[in-house]
Amino acid sequence: MSARIIDGKAFAASLRERVAAIVPAFEAAAGRKPGLTVVIVGEDPASQVYVRSKGKATEAAGMVSTTHRLPETTTQDALIALVRDLNADPAVDGILVQLPLPKHIDEQAVIATIDPDKDVDGFHVVNAGRLAVGQEGFVPCTPLGCIMLLEDRLGDLSGLNAVVVGRSNIVGKPMAQLLLAKSCTVTIAHSRTKDLQDVCGRADILVAAVGRPAMIKGDWIKPGATVIDVGINRIDNGEGGTKLAGDVDFAEAIEVAGAITPVPGGVGPMTIAVLLRNTLVSAYRRAGVPYEKGAI
Ligand SMILES: Nc1nc2c(c(=O)[nH]1)N[C@@H](CN(C=O)c1ccc(C(=O)N[C@@H](CCC(=O)O)C(=O)O)cc1)CN2
């Protein structure tokens, strides 16, 4: 058996187009464009690439993109002061502080400063709480993108056994909450889980978000399962360079799974597409303009 490849790149492109098609209607109703501000501290090369991509995608969708590039030596107080200014700026609908931050800055303290109603990353504890109790808020972009891919592939997810390997605040935990909200039977597994292979083998939906290249082997996967690989690990390509690899052993998994996201080209591109979606939703909510929820 050879699994169907879930084309996250194509799905993300269509989501970005859908968002861009709605932006003019927002502008006509609100008299301004939606605005996303991204803050990056330091020179982490991968973060620089992601932030550039976010800026380009935001502009391509017809929104206002602003990027604050701060030096590695920026103090936590200076970063928090900038976030407070952005909270108070009516033209800013979405604030995103690129992670990871330099070690001398407490990420949680910075995230806690972001106005929850501009927190398009969905990382603020208020948005985590809203997700947990089923209230409207912002949901982290990567897990929401995974749910979109899963529903596109499987339709109704209710009753399915879902296993999420990884318990981070930005992927594992919100992913589990979203699957629960879709009426899946959810297990969160992690590095201390006993019989991890056995736990994974019971999953109709297996989400890997551990950050360990090729950790999930083919014989861990239930035949026909849908596998969502959130891992983006840079590894040696054997020719003196590097390449990206997921948390799932793709060559093995493709022989067993029913469908699987590749790395690259699976979940990754959904992160930025959903960010644009969250920014547009924020703009509508903040402007008090009604919008068709199903459309975005
Ligand atoms: N504030 C945030 N920081 C970080 C987030 C986030 O959602 N909010 N997520 C990641 C990084 N990230 C966006 O910021 C991101 C990661 C990967 C991709 C992506 O498109 N990946 C491609 C491969 C790209 C490449 O060649 O390197 C893919 O998987 O196909 C987009 C965004 C951590 N920080």
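Keep in mind that glycine also has a Cβ here, set from the backbone N, Cα and C atoms.
Annotated features in TrEMBL:
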- GLY166, ARG167, SER168, ILE232: NADP(+) binding site (BINDING)
- 6-121: domain 'Tetrahydrofolate dehydrogenase/cyclohydrolase catalytic' (DOMAIN)
- 140-285: domain 'Tetrahydrofolate dehydrogenase/cyclohydrolase NAD(P)-binding' (DOMAIN)
Among the NADP(+)-binding set GLY166, ARG167, SER168, ILE232, as the record gives it, the longest Cα-Cα distance in Å: 16
Cβ-based isolation winner (fewest other Cβ atoms within 10 Å) among the binding-site residues GLY166, SER168: SER168
Number of helical, extended and coil residues in the domain 'Tetrahydrofolate dehydrogenase/cyclohydrolase catalytic' (6-121), per DSSP: 62 helix, 18 strand, 36 coil
Filtered binding-site residues, from GLY166, ARG167, SER168, ILE232, whose Cβ is under 6 Å from an atom of ligand 1: ILE232
Model confidence over the domain 'Tetrahydrofolate dehydrogenase/cyclohydrolase catalytic' (6-121), averaged pLDDT: 98
Number of helical, extended and coil residues in the domain 'Tetrahydrofolate dehydrogenase/cyclohydrolase NAD(P)-binding' (140-285), per DSSP: 54 helix, 30 strand, 62 coil
